[in-house]
Amino acid sequence: MQWIIFMLLLFISSMEMLPQNRWKKQASAGLLENCTGCVLCSEDNGCITCHQRLFLLIWRDGIRQYGMCVHTCPPGYFGVRGLEVNRCTKCRSPSCESCFSRDFCMKCKDKFYLYKGQCFRQCPPGTAAQPGTRECQETCEPGPWSEWSACTHESRTCGCKWGVETRVREVPEAAREDGTACPALLETRRCRMKKHCPGGE
């Protein structure tokens, strides 16, 4: 009789264990999916350490933190390679879509313009928006025009009916260094010359 009761209890306990084992298998299968590329993985927090070439991406959901190993960092992050772990680090500016470092943006989100590594809703003074690239380009403001040159034709100032005179304007040093597109810096126009040179030249 005791033997029958013992077998009955054993059968009941094994039936109770079946759902638990099934749940553990499902949990471990889900864990394996979340731990792709991981060297170390936590059941609660996902990847902790990644294989050498992968980046560890960490994000928060409320107070919980999750890790994932990725080949390339998503928009809004940039990859930092380290001795122990390669990490995806978030760009500091929320308007930055991709960045070179924490504070230097390379591409801005829609409705923002890029200027010297920063994102702006409107381009700063002295710059103009480029719709194709969504960047702010410095505008060139040359100095005043010089006086018109003497009227010449083939380096002569007389002996012809018509010649050409020119005038120029200077560009600020900063605009030359930046390679900023500037308006016309040289103008020419036709001019009437003296037909006869003094002394019969």
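Here, residue 1 is simply the first one shown, and the rest follow in order.
Placement of Cβ uses the backbone N, Cα and C atoms for every residue, glycine included.
Caution: TrEMBL annotation is automatic and unverified by curators.
Note that the structure is predicted; figures quoted are calculated from it, not measured.
Taken from TrEMBL, the feature signal peptide applies to 1-17.
Annotation comment: TrEMBL describes 35-136 as domain 'R-spondin Fu-CRD'.
Taken residue by residue, the domain 'R-spondin Fu-CRD' (35-136) breaks down under DSSP into 0 helix, 55 strand, 47 coil. Confidence in the domain 'R-spondin Fu-CRD' (35-136), given as mean pLDDT, stands at 88.
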